[in-house]
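Enquirer: Sharing a structure below in structure tokens format, with a few things to ask.
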Amino acid sequence: MSAARHLVQGGLSVAVLEARDRVGGRTYAKQLGEGIFDMGGQFVGAKQHRIHALAKEFDLELMRVQQVEEGKKIQDFNGVQSTFTTAVPLLSFWKPFPLVNLAGLGLTVLCLERSRKQIPADRPWDARKALKWDRRTVSGWLRDAWWRPRQVSGMFDAVVHGMFGANASEDSLLNFLHFLQTTDGFQEVAEGQRFRFANGSQQMSLKMAEGLGERVILEAPVHEIAQDNDGVTVHSGKGAWRGRYVVISVPLPLVNRIHFSPELPPERQLLAQRSYMGSIVKCLTLYDRPFWRDAGFVGEVLSDREPIAAVFDNSHPDSGQACLLSFIAGKHAYYWNKYPEKERRDSVLKLLEGWFGPEAGKPTLYHEYNWGEQAWTQGCPIANFSTGNISLLGKEYGPPLGRIHWASSELSHEWISYMEGGLASGENTAKEILAIA
């Protein structure tokens with residue numbers, strides 16, 4: 001949608017073929033109780049200027065995620081629960097633990113920060129140590145670091161679960177470092193959770209689609225793309241479209257569901273085969289009031305307890321609808337997706353009770369949204385790479401193939417895994433085409 005908007009502004013004609021019966025992709029908002037809540041991407045950082053510009057243009061309200069100025073956050077790792085108050089749990093996060101653990105966390109963050117600065121945001125495979133880092137998983141690197149305390153490993157498990165929907169034991173260290181570089185480091189990752197849209201982030205796509213009008217065709221999944229010297233023909237169940245160029249914005253693991261003529265190069269097909277979507281279930285528990293604030297909690301948790309990786313206060317201030325948002329992600333999502341919703345619900349509520357008291361186990365409504373069940377996404381928030389693939393095949397992903405261009409959050413040089421990354425990638429791809437059209 002971002003690419004289409006910029007192309008139209010540049011004077012080109014476009015058609016947007018959307019597989020779903022709605023626009024928004026990995027953003028989707030739904031009415032629950034007395035509020036509208038995000039089922040998909042929702043967090044916005046203070047420095048994500050494209051989203052802030054769209055919010056201003058379309059008069060969309062952004063609100064702070066942390067709705068109270070001061071309060072306690074919870075961390076629960078390796079069976080040890082404590083509270084902290086900082087945005088990034090560096091010092092107060094580790095007060096309950098011995099000094100060696102605090103030093104270990106500091107060394108870990110320092111080493112990762114120094115390493116990520118060596119990575120070109122647009123060419124991670126060109127980093128001097130790219131092959132070395134790409135051969136290691138995040139957890140493998142932590143395990144072999146001489147300073148590693150157990151609590152650091154648990155924290156990074158939770159971070160990888162929440163940011164990638166993947167596991168530190170399978171995610172490439174190079175992939176993780178590249179993510180950090182595109183967000184400008186740990187502090188900005190924390191700042192990336194500062195805001196959300198009061199009525200859902202899908203509003204951005206809905207407003208952009210409104211401006212594009214009849215150019216947007218819903219329920220038109222593309223099954224074939226044929227290119228020749230003069231242009232491309234795109235086939236869907238609703239007909240065929242002819243154009244000079246095509247922009248593909250489906251998640252990388254789904255690319256091979258499209259038949260290409262001529263076929264994509266073997267390296268591009270192999271990269272799609274070796275990528276995988278993150279696995280995330282968003283669980284929303286609604287209450288009559290935000291009772292956790294009575295005890296001085298802001299409603300945020302970071303945890304390695306099964307099945308929840310993170311919790312946020314997701315209350316709707318305009319309507320007064322209280323809500324806690326919990327993430328089941330990575331290996332916990334793999335495991336708990338095998339069970340009925342009631343068992344997941346019971347497990348989520350048991351943990352929330354342990355953190356916030358018995359009232360947390362008595363929501364007025366429990367609702368979950370499993371992105372792995374969505375046919376045209378098959379996961380969230382992004383496509384991931386296990387070891388060895390970025391250094392070997394990563395450079396095959398982004399460049400145009402003749403008249404075929406690519407756009408997605410995964411391809412962005414800024415804010416990978418965030419909505420801002422998707423907007424940036426669409427804008428850059430539109431510039432590619434406008435430069436040659």
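Glycine is treated like the rest: Cβ placed from N, Cα and C.
According to TrEMBL, the record shows the following:
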DOMAIN    1-434  domain 'Amine oxidase'
BINDING   E18, A19, V222, E410  FAD binding site
BINDING   F327  substrate binding site
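Help me picture these features in the structure, burial and contacts included.
Expert: A sphere of 10 angstroms centred on the C-beta of A19 (FAD binding site) encloses 18 other C-beta atoms.
According to its DSSP assignment, F327 (substrate binding site) is in a strand. Listed in sequence order, the residues of the same chain lying 6 or more apart from F327 (substrate binding site) and placing their CB within less than 8 Å of its CB are H161, G162, I280, V281, K282, C283, I308, A309, A310, V311.
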Enquirer: Can you name the residues of this chain that are 6 or more positions from V222 (FAD binding site) yet have a C-beta less than 8 Å from its C-beta?
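Expert: Looking at Cβ-Cβ distances below 8 Å from V222 (FAD binding site), excluding near sequence neighbours, one finds L17, A19, V234, H235, S236, I258.
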Enquirer: How far apart, in Å, are the two Cα atoms that lie farthest from each other among E18, A19, V222, E410, the residues recorded as binding FAD?
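Expert: With E18, A19, V222, E410 as the binding residues for FAD, the largest Cα distance is 20 Å.
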Enquirer: Within 10 angstroms of the C-beta of E18 (FAD binding site), what count of other C-beta atoms is obtained when all protein chains are considered?
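Expert: Around E18 (FAD binding site), other Cβ atoms within 10 Å: 22.
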